[in-house]
Every structure is written in structure tokens, then in C-alpha cells.
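Everything below concerns the one structure shown next.
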Amino acid sequence: MATIIEPESDFSALPDLPPEVYTAPLKRPPHLGEDWLEPKQTEYSVDEDAIWDDLFARQMEVLPGRAATAFLQGLEKLDLAHGGVPEFGKMSEDLGALTGWSVVPVPMLIPDHVFFWHLANRRFPAGNFIRTRETFDYIQEPDVFHDVFGHVPMLTDPVYADYMQEYGRAGWKAMRHNRLKALGALYWYTVEFGLLMEEGALRAYGAGILSGPTEIVFALEAKSPNRIMLNVDRVMRTDYVIDDLQPTYFVIESFEDLYHQTVERDFDRLYRSLSPAFTYANSAIIDVDDVLHRGTQEYLQRGGRGSGAAPV
Ligand SMILES: [Fe+2]
């Protein structure tokens, strides 16, 4: 079957991109090689370590009982509560022993094909810098807190760890089929904003939810957003919001469910059937949906972020 990756793919070396494949024109800092990796992690100041500790403490007020068990266990397995920004070398040793992943420092968002290449080799690129007190509540560019606190604990789960590698391996095929936008929607609605049904209760496993104080309560408990069981075809046709709370969240039954739904799919056929633009609005409910909660969309209708609307 034509699956999510090209059968002949070799992920050992960074690929030369064919000229017809589009990549965002990011300017590589002159001291970095083609892998975009920093030679070493930043040395953080006392104030920066204190920002990490305060962000960590704030999250721990809201995460117990709301974050997926795999995430909370991951925090413990990697000893991420020990104070200050974690040291990537030590964290990678612990993570490597569990699932073979490592965490590598990058200066900023990196080009898609480089990001995919690192994931395909079980390396998670994490932003090197940490936000300031001024941007404590919200930053657009992912920093070390979002990347390490939000993403890395989940990589201690063996099935999730495999999913992330397959996602990286899938990236090049999506680029060659000009379907990166659709694959990006899958990442958004799973890796960043995914919910999980765990013993009859909803929990969050997406890093975008887990690394901030507001969205986890909104995603799990508010009346506004839709909550729909994940269907990969449908999700890959669905628009999303990048700078506000999501109008819709998609729920998986288990990480095995996510892995199998994604990896065991005929992506050639799927890619052929997708249109270049998204088919469904981010707040839409369609006939095939298995709906857990039909949202009121009150938050969105009152104007969302910046309007003063309560996230209800
Ligand atoms: Fe992220």
C-alpha cells in the first residue's frame, strides 16, 4: 500500500530539495550549518532559570487531573521539576534510554524539511531561548519552555515517540505532493492541540495546550469549542487558528489509535483527493463527525482574543 512515507526514502542524510518544492525563505544565521543546530545550548542566567521555574509552577496548578497520564509521567521520568531550564545533554540521555529520542538546540523556527529530517531521526529540535517577563503569558515563536515542557515529556511514551518519527518521515512525501498544508493541520490538531480519552475522561496531550495556563481549561471544560473524535482525512481538510484558542479540538482513543489511523493509510490516494485550500472552517461540524460536544462558539462569536471575551 502507498503509505505515509515514500518506500525508498533514506533519512540518514539531509535531502537536496527539488527546485519545485517550496520552502519558507528563512534566513539561516551564519554560524549554523545546514542542520540548523546550535553548537551548544544557551547558558541561562539566574533570572532566566527563575522564569522557567515560575512557568513550571503555574502549569502545575492546572495540569494534574487534566494532562494525559503519559505527559505527567514523562515530567517525572525526565526529572523536569528539578529547577531551572533543563540541560539538553542530561535530558537526552534519560530520554534516549527510554525511547531513543534526543533534544537538540535550534535558534528559532527552522525550515520544514530540516525539522522533518530531525524528527525522522528521533531528534526533537527545541528553541534555545526563553521568553522574558514581558512576554510571560504569550509568545508567538516557540521558546524552550513551550518546546521542552510542552513536547518532550510525551516523547517518553513509546507509541507516541514512534508517531512523531513517522510524522517526520511523512513530511518529505507531503512536500513532494505539495500537501504540506494538510499535513500541518494534522500536526496542529494532534501534536499541538490534541485531546485524549483516558478511562472515560478527557485529557490533553497537545503541547500548545499543556504549555499555557488558559487553553487547557478551555479545551477540556468550556462550552464554546467543539470536541470531535479524530478522523485523519477530515482533520487534514480543516482550517485552524494560530493566534487564539481553538474553535474545535479532536480527540483520540489512545496513542495506538493515533499511530494506526495515520501510518496505515493510503496517503497517495488521500493526497490526490485533497484540494489545495482547506475544505472545512475551523468551527464546522460535518455529517461524518463523531461529536462528543457540540460547541456554542460563544467565545469566538464575542470576538475572541483581544475582545475581552471570557474563554467560556
Ligand atoms: Fe510546538
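The backbone N, Cα and C atoms fix where each Cβ goes, and this holds for glycine too.
Because the structure is a prediction, the values reported are computed rather than measured.
For the Fe cation site, TrEMBL records HIS146, HIS151, and the single candidate of GLU134, GLU166, GLU192 listed with them is GLU192. For HIS151 (Fe cation binding site), applying a Cβ distance below 8 Å and a minimum sequence separation of six or more within one chain yields PHE124, ALA126, VAL191, ALA207. In the three-state DSSP assignment, the secondary structure recorded for HIS151 (Fe cation binding site) is helix. The Cβ of HIS146 (Fe cation binding site) lies under 8 Å from the Cβ of GLY127, ILE139, ALA207, GLY208, SER211, each of these being in the same chain and 6 or more residues away along the sequence.
Under the DSSP three-state reduction, GLU192 (Fe cation binding site) is assigned to helix.
Other residues of the same chain near the Fe cation site, with their Cβ within 8 Å of the Cβ centroid of HIS146, HIS151, GLU192, are PRO142, ASP147, GLY150, VAL191, GLY206, ALA207, GLY208, LEU210, SER211. All chains included, 20 other C-beta atoms sit within 10 angstroms of the C-beta of GLU192 (Fe cation binding site).
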